[in-house]
Amino acid sequence: MDETTPPPPPNEASPPPPPPITTSGSPTDFLKGVVGKRVIVRLTSGVDYRGVLSCLDGYMNIALEQTEEHVNGTLTNRYGDAFVRGNNVLYISAAEAL
């Protein structure tokens, strides 16, 4: 360091981290994006179904393939195909990065 360059101020804090990257879009855009991908479907009863989202309709009726049933985080059953009536669905979550 030479005489013309001032030393950095002591205890200089690093800049704040950038905000997390979020994707904006509607729920419809999300649902269209996860068709054919692995999802987690939580029912109002607390039971989770994990599998590949085959299709769904406007009533949130869901068809899953390669389905696993999880109760309290424990795998309880495996199904080839499963159909879930929409009024039982609490939420749908992507099980893999989009």
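Each Cβ is built from the backbone N, Cα and C atoms, and glycine gets one as well.
Copied from TrEMBL, the annotated features are:
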COMPBIAS  1-21  compositional bias 'Pro residues'
DOMAIN    26-98  domain 'Sm'
REGION    1-29  region 'Disordered'
Of the residues in the domain 'Sm' (26-98), how many are helix, strand and coil by DSSP?
-> 11 helix, 42 strand, 20 coil
Kindly state the mean pLDDT of the domain 'Sm' (26-98) in the predicted structure.
-> 94
